[in-house]
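Per TrEMBL, domain 'SRCR' is recorded for 1-93, 129-173. The disulfide bond annotation in TrEMBL covers Cys18-Cys82, Cys31-Cys92, Cys62-Cys72.
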Amino acid sequence: SFEGRVEVYHDGKWGTICDDQWDDRDAEVVCRQLGLSGNPKALSWAHYGQGSGPILLDEVECSGNELSLDQCKKSDWGQQNCDHIEDAGVSCDPFTGTDLQLYANQMRPVSHSLIRGLAQQIAPLLQDPVLAGGRSPSEGRVEVYYNGDWGTVCDDGWTDLGAQVICRQLGFR
């Protein structure tokens, strides 16, 4: 499955999200922002372990229709009254709901509010995509490193949402 503690990148730092007001609508937005579909489920009380460093967000209240956490109602960055025992988590399980923890440092920071953490199965696929064959560094064929080899991504089911995820990973807005 695709689940773990949610961390965001803001102002040069990675940090966690407090679980105050955290619910399945927030999880739906997180899963969407990661480009994952399935049955979004919010988990609280540091279900996937306590993070370290700052707690960057609190009182997140998404409607469930937003494209990213940036668009949700939330406290100001860094304004919180929580401890890491309240770190928020999500499950974006497209399959059966079996546990597989996300690893918090599989993705590099690329935007002020990019969620980090991908399931162990897909982290190598999305860890370091590159654009090849384009006329500029901001366009081209998506290539990924997986299982010791570079390869392309099939366009079956490819949507603008997938392109947005890759662009965010590469540091484009």
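Residue 1 is the first one shown; counting continues down the chain.
Any Cβ shown, glycine's included, is placed from N, Cα and C.
With respect to their backbone Cα atoms, Cys18 (disulfide bond) and Cys62 (disulfide bond) stand 14 Å from each other. Residues of the domain 'SRCR' (1-93) grouped by DSSP class, helix first, strand second and coil last, total 16 helix, 29 strand, 48 coil. Cα-Cα distance from Cys92 (disulfide bond) to Cys82 (disulfide bond): 24 Å (rounded to the nearest whole number). If you measure from the Cα atom of Cys82 (disulfide bond) to that of Cys31 (disulfide bond), you get 23 Å.
In the predicted model, the domain 'SRCR' (129-173) shows an average pLDDT of 76. When the domain 'SRCR' (129-173) is classified with DSSP, helix, strand and coil residues number 10 helix, 15 strand, 20 coil.
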